[in-house]
Every structure is written in structure tokens, then in C-alpha cells.
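Read the structure below first, then the notes.
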Amino acid sequence: MEVSLLIPAAGNGERLGLGPKAFLRVGGRTLLEWALRAFPGAAEVLVALPPGAEAPRGLRAVFLEGGKTRQESVARLLEAASLPLVLVHDVARPFASTLLVERVLRAAQATGAAAPVLPLPDTLVRPEGEAYGEVVPREALRLVQTPQGFFTALLREAHAYAKRRGLTATDDAQLVRALGYPVALVAGERTAFKITYPEDLLLAEALARVWNA
Ligand code: C5P
């Protein structure tokens, strides 16, 4: 795979309260090790770690110091990428599958920008203070996941544009769209969920058992 894998892993995992997620162990492996398993063919792997964090040994990856935000961490990784295509994947989603990666990669190769999304199963409401407000039609909305894939030059341009304009973003697809370039959607997967809250670790432990079996 002539692709650079960029892993922003420089967050401190504040909502989880167990330190940086990259080093969190589930089923005998760190979340970083789990996350890397879905990309066996990536020709280059670049990982952003929190400032001062010791780089783990024995992984086929280059470690860089991340920035203050996810966006800054990805911008730093992008600077170091040397291949024409990049996949950006959050370490907080350790159970993305190789099938999902292939889907994103194929769409990114064909179109220049691709992101996986999922429909929402719950009813969605805009609260009015403490009260139940207007329901937002869930059919119209999608949850956005990673990995997201891009032509490297396009994502660099999108980050540079965002920096000039002072735009901030929680993922990369929105920066590409802000630049005026369409992002293709592919089917995401529920097991590529984001580990954010303590109870997410229960599901992660269960998935680790299945994947380890
Ligand atoms: O904070 P959030 O959950 O949106 O973080 C998503 C991803 O971005 C995580 O993998 C986290 O490690 C990474 N991140 C980063 N640099 C930061 C903040 C978050 O690489 N300064």
C-alpha cells in the first residue's frame, strides 16, 4: 500500500481519565498496537504522541511530538508524510477492520477524499434548556468515523487553508470540504467506535477477546 498512515495519538484522554489512550492496555495490547493492526500494508506509519511521552519500542512507526489540538497534531504528521496518499486514523478507534481500511482507501484513491459514516439508531433532539425540544430527523444525519483517506497534497492544502482562516475542526474531512472539495462517504462500522468514556472499555475488552481468539 503506497500510503502514509497518520495516527494522531497526542491526546491526554481527559474524558477517560486514564492517561494517553495510545498507551492504554486492552486484552494485552496497547490501543496503539490494536489500531496499527488494521493497516498491515501501510508503507509508512507516523504517530503523534503527547509532548514528553516516551516512544514505544518494537513498533514499525516513526514518532513525532503532537500539537495542542488534534488538528495541529495531524498538520505535523502531514508535514512528515512522504507518499501521495494518506490515511488519518485516531488511536481512540482501535478496532477498525482491514475491510473498512480497504473501503476508505479505494474511495480515496478514486476521488481524492473519503470518510466512513454510520446511520444513527437513536432519536435525536435539540434540547430547549432542560426541556425536550425539536426532534432532528435522524435519517438526515450520519456519525463520522476514521480512518479517513486523502490525496496528501489536498489534505495539506486544506490544513493550510484552515490555518489561514482560523478554522478549527474535529476531523480532516471537514477541512477538505471547507476548502470546497467533496468528500466521498463510505460505509463505516460499529466496531470502529471511539473509546471515549470508561464504559467503552468494557466493549473494547470484549472485542479484544474476539480478535485475540
Ligand atoms: O479529543 P478527541 O477525542 O477528538 O481526539 C481524537 C484523536 O486525536 C485521539 O486519537 C487523540 O489522541 C488525538 N489528539 C491528538 N493531539 C491532540 C489532541 C487529540 O493527536 N492535541
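The count begins at 1 with the first shown residue.
Heads up, the Cβ atoms here are built off N, Cα and C, so glycines get one too.
According to TrEMBL, the protein carries these features:
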SITE      ARG15  site 'Transition state stabilizer'
SITE      LYS21  site 'Transition state stabilizer'
SITE      ARG138  site 'Positions MEP for the nucleophilic attack'
SITE      LYS194  site 'Positions MEP for the nucleophilic attack'
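Features recorded in TrEMBL, as mapped to the structure shown.
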residue: ARG15; record: site 'Transition state stabilizer'; DSSP (3 states): coil
residue: LYS21; record: site 'Transition state stabilizer'; DSSP (3 states): helix
residue: ARG138; record: site 'Positions MEP for the nucleophilic attack'; DSSP (3 states): helix
residue: LYS194; record: site 'Positions MEP for the nucleophilic attack'; DSSP (3 states): coil
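In the structure shown, the C-beta of LYS21 has more C-beta neighbours within 10 angstroms than that of any other entry among the recorded sites LYS21, ARG138, LYS194. For ARG15 (site 'Transition state stabilizer'), the same-chain residues lying six or more positions away in sequence with a CB closer than 8 A to its CB are THR196, TYR197.
Taking only the Cα positions, the spacing between LYS21 (site 'Transition state stabilizer') and LYS194 (site 'Positions MEP for the nucleophilic attack') is 11 angstrom. Cα to Cα, LYS194 (site 'Positions MEP for the nucleophilic attack') and ARG138 (site 'Positions MEP for the nucleophilic attack') are separated by 20 Å.
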